[in-house]
Amino acid sequence: MYIYPKKYDCIVIGGGHAGCEAALICARLKLNTLLITISVDTIGAMSCNPAIGGLAKGHLVKEVDIFGGEMARNIDETGLQFKILNKSKGPAVWSSRAQADMPAYRLRMKHTLEHQDYLDVKQANVEEIVIEDGKIKGVITHIGNEFLCDALIIATGTFLKGKIFIGLNEFHAGRAWEPPADKLSESLAKAGLVIGRLKTGTTPRLDGRTIDFDALEPQMGDDEPIPFSFKTKNFNPPNYPCYLTYTNTKTHEVIRENLDKSPLYSGMIHGIGTRYCPSIEDKVVKFPDRERHQIFLEPQDANSNEIYADGLNTSLDYEVQVKYLRTIKGLEKVEIIRPGYAIEYDFVNPIQLKHTLETKKIRGLFLAGQINGTSGYEEAAAQGMVAGINAAMYLLEKPPFILARDEAYTGVMIDDLVTKGVKEPYRIFTSRAEYRLLLREDNTHLRLAEKSYEYGLIDKVHYEEIQEHIKKVNEAINILKTTYAMPSIDFNKRLESINTKPIKTKVSLSKILARPEINYSLLQTIVPDLPLLNKIQMQQTEIEIKYEGYINLQKQQIEKFKKLESIVIPEDFDYDKVAGLSAEIRTRLKEIMPKTLGQAMRIPGMTPVAIQIISIFIHKKHVQSKPA
Amino acid sequence: MIDDGIIAAIASGYVESAIGIIRVSGKNSIELLKKIFYPKKNTFEPYKIYHGFLKDSNQKIVDEVLVSVFKSPHSYTGEDSFEINCHGGLLIMQNVLDLVLKNGARLALPGEFTKRAFLNDKIDLLQANAIVNLIKAKTQKALDIAFGQLLKKNTTIIEELREKIIFLMAENEVLIDHPDEDLSDVDLNKRLLILNEITKLIQKLLKFSEKGKYFFEGVNVAIIGKPNVGKSSLLNELTGHNRAIVTDIPGTTTDIVSETLNLNGIPIKILDTAGIRKHSNKIEYLGIKKSHEAIDEADIIIAVFDSSRILDKNDEDILNIIKNKKNVLIVLNKSDLKRKLLLPLNIDPIEISCTKKTGINTLKSRLYNMLIEDYNESEVVSLNTSQIIALKSALKHAKKIKKAYIDSLDPALISIDLQQLADYIEQIIGKIENEDILDNVFKNFCVGK
Ligand SMILES: Cc1cc2nc3c(=O)[nH]c(=O)nc-3n(C[C@H](O)[C@H](O)[C@H](O)COP(=O)(O)OP(=O)(O)OC[C@H]3O[C@@H](n4cnc5c(N)ncnc54)[C@H](O)[C@@H]3O)c2cc1C
Ligand SMILES: Nc1nc2c(ncn2[C@@H]2O[C@H](COP(=O)(O)OP(=O)(O)OP(=O)(O)O)[C@@H](O)[C@H]2O)c(=O)[nH]1
Ligand SMILES: [Mg+2]
């Protein structure tokens with residue numbers, strides 16, 4: 001066997017969304033890093049939908065951005081359409097989404113990796129991991145080369161024993177027509193990791209020349225697009241349209257008649273699919289009364305005619321796909337370029353991981369992305385970021401990098417994964433975050449800059465820029481709260497001029513801004529000496545003032561959360577010595593080994609009594625270990 | 001040492017008994033005692049028993065009690081603590097507990113006294129096992145008591161309530177997390193209806209717990225009427241004791257006289273009141289005022305008329321008082337004498353004679369029937385004080401949500417309100433996890449792609 005002479009600090013397997021972020025962050029922290037991937041031509045490839053962001057996912061992208069990741073910059077440079085979702089609702093749930101030029105996205109990512117100092121990129125299929133004394137030592141590739149390292153991040157996505165289904169046809173593949181990684185998951189099992197199986201699917205790609213776009217409703221992006229990255233300046237992206245169409249009862253009829261040709265309904269697929277991305281056949285079966293389902297036809301490549309049919313993910317037979325597609329308005333003459341398919345793959349249940357994404361069993365081995373049972377590019381990227389930073393901290397012997405549930409969506413996701421485990425592919429939702437009003441997209445970089453700077457993940461210039469921004473907003477809030485207006489005829493006339501009720505008593509400016517019909521710039525027209533703010537600063541000032549009551553409520557809840565989170569369960573805590581726990585709960589606890597009482601409480605099936613018992617024992621231990 | 005407030009509980013168990021014991025423990029608990037307890041001497045030494053009265057903030061006597069005081073660390077819990085020995089009626093124990101809670105204590109969690117004893121090194125670690133089992137057993141018992149009837153017989157209400165709240169939360173999440181989906185399954189009018197149903201279910205639970213109260217805490221029955229109709233005589237007849245003074249002088253009874261009666265297992269407190277009429281002096285005025293209070297607080301009213309005299313102005317006043325009340329039994333006393341009284345035709349009185357002891361059993365059975373009238377076993381729940389408070393807060397909060405819906409408030413804010421609603425009644429419907437909401441989202445709404 002050829003042992004490669006250069007020894008790496010960190011190796012990353014997989015050039016997907018998790019792997020790219022992990023490798024870039026390690027290299028940016030100046031650790032000698034190697035990225036190995038099956039094909040360098042698919043680095044940064046988007047396996048499914050041509051979009052980045054969306055509800056809660058947009059948050060993740062921005063979190064990756066503040067901690068030195070690439071996803072936000074990459075989409076800002078290669079997006080085809082940008083849009084803020086939920087604009088009709090309050091800013092707490094606004095979310096950024098962009099259509100991506102898939103090849104451009106991929107190539108820019110590859111370019112970034114290739115130009116990153118401290119990072120080597122190599123093409124190979126890793127078949128084995130090498131462990132010595134419970135510590136990671138290196139990897140062996142399909143042509144028998146060994147690469148040595150002190151830390152390893154595995155980010156192999158859907159490739160482990162990947163198996164694709166189209167109708168009753170099945171073949172081995174990691175994604176579309178790429179080779180799978182069949183041996184690696186056996187090596188992981190041998191190392192003691194418990195492996196499970198999941199399933200997901202994708203939609204057919206259509207030939208744009210055969211679609212009657214004139215018959216369909218176009219959907220444009222925002223006129224004033226907002227970038228994902230706080231670093232992006234002078235943002236001027238294109239604005240390609242998407243098109244909206246619907247299935248109809250005829251479509252559903254065709255699908256229903258052909259369910260026997262579905263690998264899903266004929267029992268060929270054993271992996272567990274996600275409710276979050278149901279296939280069209282699932283939707284038709286589960287909601288028989290629905291007369292139509294929405295379909296977005298999305299651009300995915302500025303230089304080709306290929307169109308992505310969002311909402312039609314399917315593993316039905318090729319013939320059936322052709323048939324049902326042609327029942328849909330605008331698609332009467334459509335030609336398929338690539339059919340939809342389902343894929344089944346191995347994953348590692350994430351309860352076997354710590355919050356750092358390091359495996360509990362093998363020191364220096366980190367897992368990130370879809371291998372942990374998640375689905376989605378943004379979920380993968382955020383994990384890649386966390387695994388990358390933590391591999392670096394591990395190598396530098398520094399304290400781990402952990403984001404709490406009250407700090408970031410990434411923190412919510414990872415805590416969910418390692419505490420609750422995965423039964424179906426995990427996707428982030430805003431509802432998973434308890435403190436949604438505080439964890440907004442618009443303030444992501446403001447909330448996290450401090451921590452990022454502490455870990456050396458942003459440079460001083462950007463850090464100071466952010467601090468300046470925070471200062472301005474706080475200043476404005478302070479002025480609004482401490483400046484009072486008198487019910488003078490003059491002031492009431494001014495109020496009238498902006499169509500709002502007069503005041504009868506002395507009132508703070510913040511009370512006036514809190515009125516639904518008032519915003520900062522409007523208030524500025526009648527109180528000209530208010531501080532000058534940019535658009536985002538104004539928006540943040542308005543949020544803080546208009547939602548003050550709710551924001552304070554969430555802050556109180558966070559205090560409560562922190563109290564439980566601060567009760568640390570000692571690492572050597574012996575659950576076998578704790579009387580009174582049920583066998584089931586005891587097993588769960590031993591498996592997950594929660595770090596805090598708060599985490600223990602979030603374990604599914606946990607009871608208040610069990611928590612009380614544990615808290616007593618922790619307390620007792622604590623009291624006893626203190627000198628009297 | 002832990003300091004998690006002053007805790008209190010009924011230590012003697014929530015059953016009718018001769019003596020009730022309320023245990024209170026925690027730093028500053030003695031200060032609390034000083035606010036409510038009025039012994040002869042107001043300095044407390046440990047290991048002594050004090051005799052005195054518990055009074056509320058209006059100086060109204062709650063009970064005559066014995067109190068033992070324990071000082072840290074020489075107490076069961078290791079903290080300052082005291083025990084009140086009060087009269088053992090359920091109502092009295094509840095009142096004493098409420099008094100303590102109102103003055104700064106909180107209800108102890110199951111096993112919490114023992115837990116504190118353990119943490120303060122009053123109990124050996126070797127006993128841990130036993131304690132843990134105790135906590136478990138007590139929790140189970142507390143649950144049994146709290147949910148006893150509730151869970152066994154009213155699971156449908158609880159489940160319905162839970163399901164409806166989860167549905168509203170799920171629907172709200174659909175609006176937030178799936179904005180670009182075809183939301184034809186979301187019907188914004190429906191949620192007001194569902195919120196209304198939630199309100200009704202909570203009210204139903206509260207009503208059932210009111211009914212449950214009859215069986216767990218007893219019923220107040222007030223005997224009212226103008227002077228000299230035989231109210232005191234009736235009290236004596238019903239209870240079989242010569243508790244109240246009977247004379248032929250109108251205005252004999254000047255204060256409330258009460259006596260208990262066990263009517264087929266239902267504990268009843270019967271109140272004899274001063275006769276109501278245009279008062280002639282201050283004493284009588286005060287007595288009549290109390291009669292009116294008793295009427296307001298009574299669960300059931302027995303209105304007595306003298307059948308041997310014609311209807312006068314005072315009788316008409318009584319008829320007016322009871323006019324719009326449903327919980328009234330009308331009694332014609334002195335039916336042994338010649339009948340002169342003519343009551344309005346729509347009244348169906350019960351004729352009795354206290355002298356001849358006739359009609360008393362009919363009255364008792366009419367009383368019993370009225371108590372259990374729309375009583376149906378499945379409609380009786382026993383809720384503890386904190387559950388009742390929680391349900392009432394939830395009701396108030398539901399109003400806030402209704403307003404938020406009507407004002408089309410931001411769903412991100414509504415979600416906080418819905419969460420709060422769920423938090424209030426978590427102890428009754430069980431904790432709602434994010435998974436429960438997501439389950440509901442994907443079951444009821446066709447979203448995701
Ligand atoms: C058919 C399909 C449908 C999907 N549908 C959806 C959807 O509807 N919604 C959604 O949110 N997400 C969907 N996804 C998921 C989304 O594409 C992934 O979650 C995301 O890409 C995962 O990122 P990752 O970095 O973990 O892995 P991937 O992006 O899959 O990248 C894995 C990388 O690892 C490399 N690799 C694998 N094994 C080895 C090895 N042994 N040696 C070297 N290199 C290796 C591969 O070449 C690849 O570059 C779908 C994916 C597929 C395949
Ligand atoms: N004949 C007859 N006399 C009765 C009957 N019940 C009560 N009396 C007499 O009526 C008088 C008044 O009885 P009380 O029971 O004191 O009447 P009361 O309603 O309590 O009167 P106040 O307390 O003064 O309001 C007494 O002299 C009783 O003996 C009855 O059934 N028949
Ligand atoms: Mg009397």
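Cβ atoms are placed via backbone N, Cα and C, with glycine included.
Straight from TrEMBL, the features:
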{"type": "BINDING", "residues": "A:Gly14, A:Gly15, A:Gly16, A:His17, A:Ala18, A:Gly19", "note": "FAD binding site"}
{"type": "BINDING", "residues": "A:273-287", "note": "NAD(+) binding site"}
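Overlay of TrEMBL feature records on the structure.
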| residue | record | contacts (Cβ under 8 Å, 6+ apart) |
| --- | --- | --- |
| A:Gly14 | FAD binding site | A:Ile36, A:Thr37, A:Ile154, A:Ala155, A:Thr156, A:Gly157, A:Phe159, A:Gly369 |
| A:Gly15 | FAD binding site | A:Leu35, A:Thr37, A:Val40, A:Thr42, A:Ile43, A:Gly44, A:Lys110, A:Leu113, A:Val121 |
| A:Gly16 | FAD binding site | A:Thr37, A:Gly44, A:Ala45, A:Ser47, A:Ala155, A:Thr156, A:Gly157, A:Gly369, A:Gln370, A:Ala380 |
| A:Gly19 | FAD binding site | A:Val12, A:Ile13, A:Leu35, A:Thr37, A:Ile153, A:Ala155, A:Ala368, A:Gly369, A:Gly384 |
| A:Gly273 | NAD(+) binding site | A:Leu198, A:Lys199, A:Thr200, A:Gly201, A:Leu264, A:Ser279, A:Asp282, A:Ala342, A:Glu424, A:Pro425 |
| A:Glu281 | NAD(+) binding site | A:Ile255, A:Leu259, A:Ser262, A:Leu264, A:Tyr265, A:Thr314, A:Ser315, A:Leu316 |
| A:Lys283 | NAD(+) binding site | A:Arg290, A:His293 |
| A:Val285 | NAD(+) binding site | A:Arg256, A:Leu259, A:Tyr265 |
| A:Phe287 | NAD(+) binding site | none |
C-beta crowding around A:Ala18 (FAD binding site), within 10 angstroms: 34
Among A:Gly14, A:Gly16, A:Gly273, A:Lys283 (the binding-site residues), residues with Cβ under 8 Å to chain B, listed in sequence order: A:Lys283
Inter-residue Cα distance where the pair is A:Cys277 (NAD(+) binding site) and A:Ala18 (FAD binding site), in Å: 20
A:His17 (FAD binding site) versus A:Arg275 (NAD(+) binding site) - Cα distance in angstrom: 22
All-chain count of other Cβ atoms within 10 Å of A:Ser279 (NAD(+) binding site): 26
Entries of A:Gly16, A:Arg275, A:Lys283, A:Val285, A:Phe287 (binding-site residues) sitting next to ligand 1, with Cβ under 6 Å as the cut-off: A:Gly16
Distance from A:Cys277 (NAD(+) binding site) back to A:His17 (FAD binding site), taken between C-alpha atoms, in Å: 19
Three-state secondary structure, A:His17 (FAD binding site) (per DSSP): helix
Cβ-based isolation winner (fewest other Cβ atoms within 10 Å) among the binding-site residues A:His17, A:Arg275: A:Arg275
Other CB atoms within 10 A, centred on A:Cys277 (NAD(+) binding site): 21
A:Gly14, A:Gly15, A:Gly16, A:His17, A:Ala18, A:Gly19 excluded, remaining Cβ within 8 Å of their centroid (FAD): A:Val12, A:Cys20, A:Glu21, A:Ala22, A:Thr37, A:Gly44, A:Ala155, A:Thr156, A:Gly157, A:Ala368, A:Gly369, A:Ala380, A:Gly384
